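Enquirer: As annotated in TrEMBL:
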- 15-131: domain 'MTTase N-terminal' (DOMAIN)
- 24, 60, 94: [4Fe-4S] cluster 1 binding site (BINDING)
- 156-390: domain 'Radical SAM core' (DOMAIN)
- 170, 174, 177: [4Fe-4S] cluster 2 binding site (BINDING)
- 390-452: domain 'TRAM' (DOMAIN)
Ligand code: SAH
Ligand code: SF4
Ligand code: F3S
């Protein structure tokens, strides 16, 4: 099929697809790929749920609140479905995988339930040529069966920064986490597929690629040279693509931070000086109960090695407070670790017991105590984030413009360190990568001027 035939013209006859994405970047990527698959079926994306012929909710199961959001959003769709019974409602993502037909039982208005490993079957499901509920884990790479990214539709084409999933699933089984159950075992996509997709994105004007995986640095595969490649080698190969200026990746596990990856941070200029490396807790007792398989000291040693390789790297992390059994001393150990590392920013969450995970039945920490600990940790992390931003003032950094700013003549883009930077730049275009002198730090962004 030609590119032309695959891309539905903006005819009024085209059916409209509304997608809402919850959860992590892998879901953002998957939503784009599903939009492309549905594009080949004659659907165009809409931002307006009320005019949609199909509503697809791409869900997250990581914490209870995330999963419950699906049911409240489905509840709100009832009047729309009552008005237009031919409206198709689909549930994708990690809640789809975890709850399957429980979703259609609880919410009969749902037409389709599709798990994250079955997205290639979505078009057939919509046509009524496949079961309404598909949550199996197929052998093959689902991405091979989705349309090539040449059918990128309007909504995804323009962005100068793109996601590219290279690895899926998780074999680590942290005691609190649903991901190994919702996304399945670790699978690495083959080198050639990844390079082809990256080249294709760059040919379309993408200048920054973020490599994605639930355990992205666990990626491995057979390289073009017949050898087994690790993730650091993959980054070096991607860095050779002409026109690709920036590479990022997320999310990494400390135990998969191999030497070749750390060296890539030293050697590969396109690899941005930013690393999200979740640690979850600073207490060895809790790390053990979480099945994280490393100690706080091992994490700190790893950080030292990474900073030796790339002294200006900005580190970020994830924390869970109130994990079952967490004492005041354990919490203090987390605060101590944070003080020692000095993070650029971090996400912290109150522990949420998830059905089916090993920690689910363990006695919980008192809710108010967990809230107080969360506040204390967040206050410390916010101070560190503010200091990290203020340290940017006076520096000249690369900024990749992603969209116009709030004021006329203003552009906003991401710095090397992933801060949003507002710049007066009336002549600039989206996709320009420019040098910017940082003038000022605001609560969640920076302001700068074009460097001469
Ligand atoms: N693969 C990534 C994380 C995926 S989930 C990794 O290993 O780091 C993103 C974050 O959500 C986790 O790092 C953890 O901090 C948080 N999280 C996961 N399960 C949780 C739970 N049951 N309760 C609270 N936070 C949770
Ligand atoms: Fe979840 Fe742990 Fe796997 Fe991360 S490494 S996805 S937290 S089980
Ligand atoms: Fe959520 Fe699934 Fe991502 S549970 S965080 S959407 S892998």
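For all residues, glycine too, the Cβ spot is worked out from N, Cα and C.
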Enquirer: Provide, as an integer number of angstrom, the distance between the C-alpha atoms of residue 94 ([4Fe-4S] cluster 1 binding site) and residue 177 ([4Fe-4S] cluster 2 binding site).
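Expert: On Cα coordinates alone, these residues lie 12 Å apart.
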Enquirer: List those of the binding-site residues 60, 94, 177 whose Cβ lies under 6 Å from any atom of ligand 1, in sequence order, or write none if there are none.
Expert: 177
Enquirer: Tell me the Cα distance separating residue 177 ([4Fe-4S] cluster 2 binding site) from residue 60 ([4Fe-4S] cluster 1 binding site), rounded to the nearest angstrom.
Expert: 12
Enquirer: Report, in whole Å, the straight Cα-to-Cα distance of residue 24 ([4Fe-4S] cluster 1 binding site) from residue 170 ([4Fe-4S] cluster 2 binding site).
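Expert: About 14 Å separates the two Cα atoms.
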Enquirer: Taking each of the binding-site residues 24, 170, 174, 177 in turn and counting other Cβ atoms within 10 Å of its Cβ, which one has the fewest?
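Expert: Looking at the binding-site residues 24, 170, 174, 177, the Cβ with the fewest others within 10 Å is that of 24.
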Enquirer: Just give the helix, strand and coil counts over the domain 'MTTase N-terminal' (15-131), going by DSSP.
Expert: 59 helix, 24 strand, 34 coil
Enquirer: How does the model score the domain 'Radical SAM core' (156-390) in terms of mean pLDDT?
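Expert: Across the domain 'Radical SAM core' (156-390), the average pLDDT comes out at 96.
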Enquirer: Could you tell me how many residues in the domain 'TRAM' (390-452) are helical, how many are strand and how many are coil under DSSP?
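Expert: Breakdown, helix to coil: 1 helix, 36 strand, 26 coil.
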Enquirer: Take the Cβ of residue 60 ([4Fe-4S] cluster 1 binding site) and count every other Cβ within 10 Å, whichever protein chain it belongs to.
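Expert: So the number of other Cβ atoms within 10 Å of residue 60 ([4Fe-4S] cluster 1 binding site) is 21.
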Enquirer: Enter the number of other CB atoms within 10 angstroms of the CB of residue 94 ([4Fe-4S] cluster 1 binding site).
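Expert: The Cβ of residue 94 ([4Fe-4S] cluster 1 binding site) has 27 Cβ neighbours within 10 Å.
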Enquirer: List the Cα distance (Å, whole number) between residue 174 ([4Fe-4S] cluster 2 binding site) and residue 24 ([4Fe-4S] cluster 1 binding site).
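Expert: Just about 17 Å between their Cα atoms.
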Enquirer: Other than 170, 174, 177, which residues of the chain come within 8 Å of the [4Fe-4S] cluster 2 site, judged by Cβ distance to the Cβ centroid of those residues?
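Expert: Filtered neighbour residues, in order: 172, 173, 176, 178, 179, 180, 214.
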Enquirer: From the centroid of the CB atoms of 24, 60, 94, the recorded [4Fe-4S] cluster 1 site, which same-chain residues not already listed sit within 8 A by their CB, in sequence order?
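Expert: Result: 22, 23, 26, 27, 59, 61, 62, 66, 93, 179, 182.
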